[in-house]
Amino acid sequence: MAEIVIVPGEAEAGDLVADAIVDLIHRKPDAVLGLATGSTPLPIYRALAQRIRDESVDVRGVRGFALDEYVGLPAGHPESYRAVIRREVVEPLGLTPELVRVPNGDPAGIEHAGADYEAAIVAAGGVDLQILGIGRTGHIGFNEPGSSLASLTRVKTLTEATRLDNARFFDSPDDVPMHCITQGIGTILRARHLVLLAFGEAKADAIAAAVEGAVSAAQPGSAIQLHPHVTVLVDEAAASKFENLAYYRHAWANKPAWQGI
Ligand code: F6R
């Protein structure tokens with residue numbers, strides 16, 4: 001079972017994950033991070049940037065792979081995930097830009113962009129720690145309901161619900177691209193440690209289905225149940241639909257001191 005951690009707020013979640021990432025980098029200076037975009041991971045990137053500065057953590061060898069990218073945004077568009085990852089992750093953390101990759105959403109060559117990305121992840125030795133958010137539709141990456149649990153990086157069509165949710169980053173909902181290129185669920189499951197975060201009541205149904213529902217392509221987040229090392233961090237509002245809430249609190253309160261997340 002995934003370890004479920006109920007945190008008082010986003011900042012505490014960010015601190016816990018930043019601790020785990022700093023430990024990982026100390027053990028493995030060329031660690032491979034799986035990077036999510038959107039609002040959810042921002043507390044991690046903030047906490048991590050602070051730790052790296054305060055403790056002079058050497059991150060020059062750290063590598064990264066973004067989960068997904070829109071297809072067809074003009075090069076340099078500020079909401080392309082290439083630009084977002086540079087702005088919110090590479091620059092504040094001081095990562096080496098050439099070591100951080102984002103799927104190529106350029107329509108020219110899109111037919112082999114998925115396979116190229118998979119090959120790059122394999123060549124890097126796989127992802128050590130994958131950061132994940134979850135959409136209201138239950139998607140992880142941009143694997144919308146119905147995505148194969150064995151899928152690899154490929155082009156997907158976004159649901160209208162996801163396009164509406166992401167319209168906040170664009171001038172109008174119509175400007176949100178219809179297509180994306182995303183790591184598949186099979187790709188995500190190959191990472192060695194999955195860290196899934198959800199904050200706020202709007203995510204409560206999706207995260208409960210992911211953690212406690214049946215494993216099903218209809219609920220892409222439920223694929224985490226197939227993975228041996230998953231940490232789920234939620235605030236009280238996102239935790240409000242869990243049936244086993246009392247047990248999750250009990251297990252966390254009695255967690256052995258030697259065990260990290
Ligand atoms: C982002 C991603 C998505 C988001 C999800 C939640 O790279 O793959 O799965 O994690 O849409 O988005 P936020 O965090 O903005 O609520």
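Cβ from N, Cα, C; glycine included.
Small disclaimer: the values here were computed from a predicted structure and weren't measured.
Residues or ranges marked as domain 'Glucosamine/galactosamine-6-phosphate isomerase' by TrEMBL: 12-225.
Per TrEMBL, active site, proton acceptor is recorded for Asp68 (among others). In the three-state DSSP scheme, Asp68 (active site, proton acceptor) falls into the strand class. The number of other Cβ atoms within 10 Å of the Cβ belonging to Asp68 (active site, proton acceptor), over all protein chains shown, comes to 24.
Just so you know, the Cβ of His139 (active site, proton acceptor) picks up 26 other Cβ atoms within 10 Å once every protein chain is counted. Positions annotated as active site, proton acceptor by TrEMBL: His139 (among others).
The active site, for ring-opening step annotation in TrEMBL covers Glu144. When secondary structure is read from DSSP and collapsed to three states, Glu144 (active site, for ring-opening step) falls in the coil class. Around Glu144 (active site, for ring-opening step), the same-chain residues six or more apart in sequence whose CB sits under 8 Å from its CB are Gly135, Thr137, Lys156, Thr157, Leu158, Thr159, Thr162, Pro220, listed in sequence order.
Annotation source TrEMBL lists site 'Part of the allosteric site' at Ser147 (among others). On its own chain, Ser147 (site 'Part of the allosteric site') has His139, Lys156, Gly184, Ile185, Ala217, Pro220 as residues at least 6 apart in sequence with a Cβ closer than 8 Å to its own Cβ.
Sequence annotations record features per position, and here TrEMBL assigns site 'Part of the allosteric site' to Arg154 (among others). For Arg154 (site 'Part of the allosteric site'), the same-chain residues 6+ apart in sequence whose C-beta sits under 8 angstroms from its C-beta are Gly114, Ile181, Thr182, Gly184.
Taken from TrEMBL, the feature site 'Part of the allosteric site' covers Lys156 (among others).
Summarising the environment of Thr157 (site 'Part of the allosteric site'), the number of other Cβ atoms within 10 Å of its Cβ, over all protein chains shown, is 14. According to TrEMBL, the site 'Part of the allosteric site' annotation covers Thr157 (among others).
Closeness to ligand 1 is met by none of the recorded positions Glu144, Ser147, Arg154, Thr157, no Cβ falling under 6 Å from the molecule.
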